[in-house]
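Below is one structure, written out as structure tokens, with a few remarks after it.
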Amino acid sequence: MIVQRTAAPTGSVPPDRHAARPFIPRMIRTFAVPIILGWLVTIAVLNVTVPQLETVGQIQAVSMSPDAAPSMISMKHIGKVFEEGDSDSAAMIVLEGQRPLGDAAHAFYDQMIGRLQADTTHVQSLQDFWGDPLTATGAQSSDGKAAYVQVKLAGNQGESLANESVEAVKTIVERLAPPPGVKVYVTGSAALVADQQQAGDRSLQVIEAVTFTVIIVMLLLVYRSIITSAIMLTMVVLGLLATRGGVAFLGFHRIIGLSTFATNLLVVLAIAAATDYAIFLIGRYQEARGLGQDRESAYYTMFGGTAHVVLGSGLTIAGATFCLSFTRLPYFQTLGVPLAIGMVIVVAAALTLGPAIIAVTSRFGKLLEPKRMARVRGWRKVGAAIVRWPGPILVGAVALALVGLLTLPGYRTNYNDRNYLPADLPANEGYAAAERHFSQARMNPEVLMVESDHDMRNSADFLVINKIAKAIFAVEGISRVQAITRPDGKPIEHTSIPFLISMQGTSQKLTEKYNQDLTARMLEQVNDIQSNIDQMERMHSLTQQMADVTHEMVIQMTGMVVDVEELRNHIADFDDFFRPIRSYFYWEKHCYDIPVCWSLRSVFDTLDGIDVMTEDINNLLPLMQRLDTLMPQLTAMMPEMIQTMKSMKAQMLSMHSTQEGLQDQMAAMQEDSAAMGEAFDASRNDDSFYLPPEVFDNPDFQRGLEQFLSPDGHAVRFIISHEGDPMSQAGIARIAKIKTAAKEAIKGTPLEGSAIYLGGTAAMFKDLSDGNTYDLMIAGISALCLIFIIMLITTRSVVAAAVIVGTVVLSLGASFGLSVLIWQHILGIELHWLVLAMAVIILLAVGADYNLLLVARLKEEIHAGINTGIIRAMGGSGSVVTAAGLVFAFTMMSFAVSELTVMAQVGTTIGMGLLFDTLIVRSFMTPSIAALLGKWFWWPQVVRQRPIPQPWPSPASARTFALV
């Protein structure tokens with residue numbers, strides 16, 4: 001309770017206007033108008049000579065890709081090896097039809113591909129799977145109504161060149177007229193990032209409007225004065241314009257880089273901080289005026305009581321945000337310098353422009369006079385309760401903190417940026433169209449490359465390549481693996497060993513009828529042989545008869561020779577007797593004319609032939625005897641010949657049976673082999689995969705090689721699709737398994753020792769997850785150390801600095817837990833992975849401000865004793881700090897209107913943290929700890945628990961004062 005007590009009526013003593021004043025506030029007050037004009041000129045120059053912050057952010061946007069991450073290194077190396085470009089920016093163009101895509105859609109697609117390939121400035125390469133028959137089925141949906149092509153763009157994701165490339169691709173697509181019923185979407189990671197930046201820039205103006213609306217309402221509620229609120233808004237607007245202009249100037253001249261997150265956070269943080277500092281300054285000025293000080297004294301009291309707090313607060317925020325520069329992820333790294341520079345500008349404006357405006361406006365009547373007394377009594381009652389029951393109040397504050405802390409174990413994060421962007425963004429619409437026909441992972445694949453020291457375009461290495469693909473496909477959660485051995489995600493048809501064997505029997509199948517005809521002709525030969533056998537048997541019978549006849553003829557001829565010789569002898573006797581008569585016939589000249597003569601002469605000539613005949617018969621007899629000898633031998637040979645013919649017949653029949661059975665068996669085997677090959681093909685079983693060497697000369701296959709093997713054949717890549725969302729925790733967890741599977745698959749093979757590179761969506765977010773953990777640790781520890789040092793310098797107390805930092809950490813955990821409770825468990829939206837790091841750094845910095853102001857005020861009042869100092873500090877700073885905290889909290893919560901859900905989550909998390917810090921930590925927890933620790937709170941400083949007794953002031957120096 002405050003009691004106004006007045007000393008004896010000896011007259012008040014006017015303040016000494018010639019007393020020594022601090023140099024800096026005196027110079028600011030003296031040159032207030034030039035300072036204001038200087039700031040106005042600077043602000044005008046900065047905002048006129050360079051474009052606005054949003055425009056500069058678009059022009060000088062930096063890449064959000066972590067270049068040092070293994071996945072980024074892998075993707076760039078893959079692009080270099082395959083000669084497809086050196087950027088990490090890729091877009092997907094999706095064609096969706098109401099009916100299966102036909103020739104018209106394909107013609108449009110070919111025309112679009114030609115236009116894209118012609119734009120070498122923005123398009124580095126294409127993966128034209130749909131245009132190649134070998135891989136077409138892999139790029140078209142199962143219902144035939146959608147197809148896609150991947151385009152590698154110039155510039156890394158997030159850079160102005162990448163965003164320009166996305167716009168160039170969109171322009172090319174928009175200028176082409178698709179067939180009726182076909183829609184074309186430009187989507188993919190690069191398009192999503194570009195749309196995110198545009199959405200963030202659109203949201204920034206809305207956020208600024210909502211923020212100023214919130215600030216105006218809060219200021220009017222707190223100060224109940226339009227003029228005071230207008231003056232404070234002027235200070236805030238000028239500070240914001242200076243910050244925007246300064247950062248835009250540095251960004252425009254490429255001194256610093258900017259991102260969507262940096263510009264959004266910078267604007268809101270600058271507004272909130274500038275508002276806080278304006279509240280600190282004007283609040284302390286009005287408090288001094290309320291205690292009876294004149295305007296000049298109140299000005300110096302204001303500056304002396306808040307300048308070090310504003311400086312410490314600003315340096316804390318600037319230093320903590322600058323610690324983000326030590327991180328490795330560009331998402332955080334790009335925030336560090338812009339936010340730190342922006343906060344330095346805000347602090348500079350608050351410590352120069354703010355006091356100058358107060359110095360000028362305080363000279364004009366009652367512009368800054370308090371319209372009502374500050375609510376000191378209520379806050380002093382809170383301070384008195386804390387001093388009286390510090391333990392229970394501290395326990396109650398900790399219990400409230402446990403509400404959020406107990407929620408933290410259930411915290412889950414999400415890496416899918418699509419879930420945090422409006423569904424009507426063009427890139428999101430493209431993703432939605434793709435997901436109507438493809439799995440979610442098809443648009444976000446992984447790419448694994450194995451790089452060896454030799455050319456892999458041979459059958460042996462292709463066996464290993466297929467082994468790698470099978471090993472990756474066997475990893476749990478992998479739904480599809482595309483490689484040269486499975487271009488469309490399934491094994492190439494007719495590449496199993498059983499099928500190749502069945503194909504080798506194709507020629508046998510073609511000659512089967514011919515062989516069967518030849519076998520059938522063997523029966524004809526058997527019939528011919530049988531006919532020969534029959535004839536031979538008849539010949540044998542005839543030969544036997546001939547032998548018998550010949551033998552009889554020899555016997556008869558032997559007798560005939562004797563008879564003929566006897567006949568010759570008798571004729572010789574006759575001739576000897578009639579020789580004289582015979583001679584007459586030869587002497588007669590006219591014997592020819594005398595018939596009797598010529599007849600008798602002819603008889604005698606005939607008798608002369610008996611000798612010749614006898615001689616011939618004698619010569620014939622040995623021959624007949626020889627024939628008589630041979631004929632039995634010939635007859636004896638005939639049965640053997642007949643038996644041989646019969647044996648030939650039997651062999652021919654046996655051969656026929658064998659050939660016929662063999663042919664039937666081969667036909668059956670061919671049918672089994674063909675059935676086995678067809679079964680292996682139908683089952684997509686590539687356990688016995690093999691590509692014969694002649695396949696590598698096939699022109700179609702060579703086109704497929706270009707897609708999956710590097711130009712020199714030393715590297716092969718695999719396109720991997722997950723089951724479900726690759727950006728989920730489960731998808732991220734598969735990355736290590738994929739690498740392990742590939743590494744194990746090449747053990748003991750010709751590819752052992754080859755380098756393995758893995759990039760893609762889940763791989764990148766795994767690196768982001770790992771980097772986020774590392775960056776959070778680095779930024780958090782460095783920010784805590786920096787904040788502790790600043791608090792130590794400001795309070796000159798190790799314990800007080802430790803308490804401030806400790807309570808801020810506790811507040812951070814509680815507020816983040818509350819954010820998890822609201823967003824994850826109530827709204828059903830998991831917190832984006834960026835939220836934790838951004839909220840932690842800003843809450844660490846901003847949360848320490850209000851504790852710092854409280855402890856600084858407590859330090860001013862400590863001469864009255866610890867307990868009394870706590871009560872006075874609570875009464876003097878309670879309303880100001882609460883107003884500042886509420887304004888800052890609701891200002892950050894204005895992010896809730898952003899199109900970027902991640903910024904809404906960051907803003908609400910920081911806002912809830914500031915509310916908890918303002919209403920619980922600063923109001924109850926920190927003063928309770930100070931009351932419990934007593935003089936140890938100020939160690940190593942020495943303070944008294946109670947004030948040193950002093951004599952009652954003399955009447956001559958009596959003044960109106962306040963007693964507790």
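Don't overthink the numbers, they just go from 1 along the chain as shown.
Cβ coordinates are placed from backbone N, Cα and C, and glycine is handled just like the others.
The feature transmembrane segment is assigned by Swiss-Prot to 31-51 (among others), with sequence analysis given as support.
The feature transmembrane segment is assigned by Swiss-Prot to 203-223 (among others), with sequence analysis given as support.
Here Swiss-Prot flags 230-250 (among others) as transmembrane segment.
Per Swiss-Prot, transmembrane segment is recorded for 255-275 (among others), and the stated evidence type is sequence analysis.
Here Swiss-Prot flags 302-322 (among others) as transmembrane segment, drawing on sequence analysis. Here the transmembrane segment (302-322) has Cβ contacts under 8 Å with residues 22, 24-25, 28, 269, 273, 276-277, 280-282, 284-285, 288, 335-337, 339-341, 343-344, 346-347, 350-351, 355, 358, 783, 786-787, 790-791, 793-794, 841-842, 844-846, 848-849, 852-853, 856-857, 860 of the same chain, all six or more residues outside its ends.
Feature annotation from Swiss-Prot assigns transmembrane segment to 340-360 (among others); the stated evidence is sequence analysis. Outside the transmembrane segment (340-360), and at least 6 residues removed from its termini, the chain residues within Cβ reach (under 8 Å) are 25, 28-29, 31-33, 35-36, 39, 231, 234-235, 238-239, 242-243, 246-247, 250, 256, 266, 269-270, 273-274, 277-278, 281-282, 285, 299, 302-303, 307, 310-311, 313-315, 317-319, 321-322, 325, 368.
Taken from Swiss-Prot, the feature transmembrane segment applies to 389-409 (among others).
Beyond its flanks by at least six residues, the transmembrane segment (773-793) meets 312, 315-316, 319-320, 323-324, 326-329, 332, 800-802, 804-805, 808-809, 836-837, 840-841, 844-845, 848, 852, 855 of its own chain at Cβ-Cβ distances under 8 Å. What Swiss-Prot lists as transmembrane segment is 773-793 (among others).
Residues annotated as transmembrane segment in Swiss-Prot: 803-823 (among others). Sequence-remote contacts of a segment are chain residues at least 6 beyond its ends whose Cβ falls under 8 Å from one of its Cβ atoms, and for the transmembrane segment (803-823) they are 398, 400-408, 410-411, 784, 787-788, 791, 795, 829-831, 835-836, 839-840, 843-844, 847-848, 851-852, 855, 905, 908-910, 912-917, 920-921, 925-926, 929-930, 933, 937.
Annotated transmembrane segment per Swiss-Prot: 826-846 (among others), in sequence order.
Sequence annotations record features per position, and here Swiss-Prot assigns transmembrane segment to 880-900 (among others). Cβ atoms under 8 Å from those of the transmembrane segment (880-900) belong to residues 196, 199-200, 202-203, 206-207, 210-211, 214-215, 218-219, 222, 260, 264, 268, 271-273, 275-276, 279-280, 283-284, 287, 374, 420-422, 846, 850, 853-854, 906-908, 910-912, 914-915, 917-919, 922-923 of the same chain, restricted to positions at least 6 beyond its ends.
According to Swiss-Prot, the transmembrane segment annotation covers 923-943 (among others).
Annotation: stretch 203-223 has the most Cβ pairs under 8 Å to the transmembrane segment (255-275), among 31-51, 203-223, 389-409, 826-846, 923-943. A contact links the transmembrane segment (389-409) to the transmembrane segment (923-943), because at least 3 Cβ pairs that are 6 or more residues apart lie under 8 A.
When each of 31-51, 203-223, 826-846, 923-943 is scored by its Cβ pairs under 8 Å to the transmembrane segment (230-250), the top-ranked stretch turns out to be 31-51.
For the transmembrane segment (31-51), the list of distant contacts is 59, 238, 241-242, 244-246, 248-249, 252, 349, 352-353, 355-357, 359-360: same-chain residues at least six beyond its ends, Cβ to Cβ under 8 Å. Here the transmembrane segment (826-846) has Cβ contacts under 8 Å with residues 261, 265, 269, 272-273, 316-317, 319-321, 323-324, 327, 331-332, 335, 411-415, 417, 419-420, 765, 768-769, 772, 775-776, 779-780, 783-784, 787, 808-809, 811-812, 815-816, 819-820, 888, 901-902, 905-906, 909-910, 913-914, 917 of the same chain, all six or more residues outside its ends.
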